[in-house]
Amino acid sequence: MNHSVVTEFIILGLSKKPELQGIIFLFSLIIYLVAFLGNMLIIIAIIYNNTLHTPMYICLLTLAVVDIICTTSIIPKMLGTMLTSENTISYAGCMSQLFFFTWSLGAEMVLFTIMAYDRYVAICFPLHYSTIMNHHMCAALLSMVMAIAVTNSWVHTALIMRLTFCGPNTIDHFFCEILPLLALSCSPVRINEVMVYVADISLAIGDFILTCISYGFIIAAILRIGTVEGKRKAFSTCSSRLIVVTLYYSPVIYTYIRPASSYTFERDKVVAALYTLVTPILNPMVYSFQNREMQAGIRKVFAFLKHS
């Protein structure tokens, strides 16, 4: 049952300073276009090239879809708000934004772990890779990603919808996120905070540890059997991926490990920007555009478009 008496929320955005709105608008627009076009290019390249229909690239395709959903659920509304000065969002729109953002957050965390495991199997057990990471295993892992992400999103969205919002209705953030909404609730939020804490421990911290363990085994294997040049390239790849993973997990863990009462809006809006705006741009650059097979696949797409 929906106990809310608030029919819409006011979103204050990244900054309350009018002189910064133009810069923030341009910055956000560029981020969205780069993230959307970069991830869409990855999707098209993988679908168009049969040679890229392997578990690793299917995971990259899924990651690209998740990043597009994440940015599209947040940035267009934020841009529209700054363009028209209509800074309200309906209750239903806020809950929809919360659901899709929370879904993409959960999906991305689990995907990072699966992609690290895929590389662990490929490097540590190369002769058994095709047997272990076959299409059935890939389908099972991606189904698990979807199941975890949907369950996580439904739980948090449903728990928010059972709260009473009787005013104020001003969200000091640039989108509808869990903790700013909890701060506006007129009813107890203890259950919500417990579930956020459980999700942070199991999804964020748990997946981060598993991802780091996989990369640790990869680095150990490279040190044993790799050539000097191979070690250099592998370390470069592993370090760049670990940086992206750390940039994603760290602010998520920091944000959701605390109770809503300790949420500081000005600082935490900047922290939230790391995992909502920055990571969707970095993912294509680190995971896909540095890959030779992906580069070849992208060139084929451009060649097809040129001659069509």
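Glycine too: its Cβ is placed from the backbone N, Cα and C atoms.
Some features that TrEMBL has for this protein:
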DOMAIN    38-287  domain 'G-protein coupled receptors family 1 profile'
TRANSMEM  23-48  transmembrane segment
TRANSMEM  55-75  transmembrane segment
TRANSMEM  95-117  transmembrane segment
TRANSMEM  138-155  transmembrane segment
TRANSMEM  201-226  transmembrane segment
TRANSMEM  238-257  transmembrane segment
TRANSMEM  269-289  transmembrane segment
Inset, instruction - Among 23-48, 55-75, 95-117, 201-226, 238-257, point out the range having the most Cβ pairs under 8 angstroms from the transmembrane segment (269-289). - result: 238-257
Legend entry - the transmembrane segment (238-257) and the transmembrane segment (23-48) contact flag, 3+ Cβ pairs under 8 angstroms: no
Inset, instruction - Could you tell me the mean pLDDT over the domain 'G-protein coupled receptors family 1 profile' (38-287), as a whole number? - result: 89
